[in-house]
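Right, one structure below, let's go through it.
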């Protein structure tokens, strides 16, 4: 679901946004808001409304509505919460949310908003006779769109053939199939066991599927497998109890099918591993040990020897991942890998392959807004990520593509890049990292879809690549086959040229050109390897220096920690001494205060003493004066009394 928007049409922004807004009925009127609420849930309607406002009017600048109008206040808060989000980002999120809520919206839009480059027109005439696979004679195919209308598409790049006539090299052919084909879908899983392609799950109209179908690659006959679910010792024949999922990985292992991860309606905390027993036709949950990865979908799962290597994906909260996990199929134990180097940025819907049972290659994928065309290599022995220069005709950025390996060649088909489907089928020589184009189709055909499946099998003794399903504006359930001319066996063809069958004569010229190109590439391989070795030695030397510096820094840090501990102890000692001094100072201040109080009392007493002394002096003077007066007055009275004066 994360990248469904890439395959919805050939329209670019802002036309795609206006087409989506026209579909949901947002024209700015109040009736359009009511129409929106009638189509989607309240949360989805509110989010679409606010993103439309942000895309068309910019950041919210209107005053906050009254609390008496909770609906308008809720709209205002949601719009205000978008802040200064750019208009083009709001448009992209608007279309993305619409795709998740209504994946089939694009085919139901009016013809006036469709991209004219798609060449889809209403077929008002009677549909051409068709076979059980849904493909018709000639160059015109009749396809039923999501709204039940019939459309015609011109597909000159896919040749419709009988099963026994798939003999053209490097060109896609559509074999006529029999039996009841599966429902159209994308993001399903497919795997081959004993010349039979098993197809499980997927996404149709936003609904996860849980059915299992098998295509016999010998007679091209479809049949549905009635499955049962085993829970402990209890069995049930009801397939509905099996978890429906999309974006999972289907891996063949020991005559069994392993279904790993995938998006579900009620996701679990950890990534589940389901196993399907071909003999009992039963699903069961595989018991694993260790710490499993968190639940996710859109990841890559690669079988390397007896281990599964899981990278990236998108969790249940739609957060992108770039973590690495390995499941040992012997011990059923999970291990999370902390690889060195620069890993790929978080992504989902990428492709992965293993080369020489040692190197894991990751190509493309997408984030919420960007598709990638980068190629990353993980050395599974040293667990080190690296990036190398790609040679040849490098593919365009894409996500939702599929890939298979034949020998040292990695074939990549489909995917999208936010504008259109990837129409070129490309191949990477994993030894030289050189790209080349195998063939090309028109952008509107099912092979230029997102979420298709790709498997490799053999037919009449030769390798074939089988593609099924996908989504490019409508869901597909077509089967297409490619018989590649292998570059991995060029040397044997050169040495045994006389033994080449006559049936190869039609492609001798193309094979010769491939040989010349391969020789040139091999001539550059030694120089590239020498350069890479030199760069690796330089990186290792630089890494050793960094390790030495790291050790030195660790030692210095340890010394600093020790010194810091000592200083802290000294600080604590000083603090204790300071506390003691502060206590002593406080006591001294109390004593000084008491002495000052006593001194003030002594000064008062001194003043009182001086006052008493002055009063005493005055009293003495007064007494002396009085005595003198008495003496003088006593002489007169004595004379009068006849008393003689005292002798002197």
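Backbone N, Cα and C atoms are what each Cβ position is placed from, and that goes for glycine too.
Remember, predicted model here, so these are calculated numbers, not experimental data.
Swiss-Prot lists 13-107 with the feature domain 'ACB', giving sequence analysis as the kind of evidence. Sequence annotations record features per position, and here Swiss-Prot assigns acyl-CoA binding site to 34, 49, 50, 51, 52, 53, 75. Residues annotated as repeat 'Kelch 1' in Swiss-Prot: 196-244. If you look up Swiss-Prot, you'll see 256-306 marked as repeat 'Kelch 2'. Annotation source Swiss-Prot lists repeat 'Kelch 3' at 307-357. Per Swiss-Prot, repeat 'Kelch 4' is recorded for 359-408. The repeat 'Kelch 5' feature in Swiss-Prot is assigned to 409-457. The repeat 'Kelch 6' feature in Swiss-Prot is assigned to 464-509. Taken from Swiss-Prot, the feature phosphoserine covers 517. Feature annotation from Swiss-Prot assigns coiled coil to 520-632; the stated evidence is sequence analysis. According to Swiss-Prot, the region 'Disordered' annotation covers 625-648. Annotation source Swiss-Prot lists compositional bias 'Polar residues' at 625-634.
All features noted in Swiss-Prot, drawn onto the structure.
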residue: 49; record: acyl-CoA binding site; Cβ within 10 Å: 21
residue: 50; record: acyl-CoA binding site; Cβ within 10 Å: 24
residue: 51; record: acyl-CoA binding site; Cβ within 10 Å: 27
residue: 52; record: acyl-CoA binding site; Cβ within 10 Å: 24
residue: 53; record: acyl-CoA binding site; Cβ within 10 Å: 21
residue: 75; record: acyl-CoA binding site; Cβ within 10 Å: 19
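In the predicted model, residues of the coiled coil (520-632) average a pLDDT of 86. Counting residue by residue with DSSP, the domain 'ACB' (13-107) contains 64 helix, 0 strand, 31 coil.
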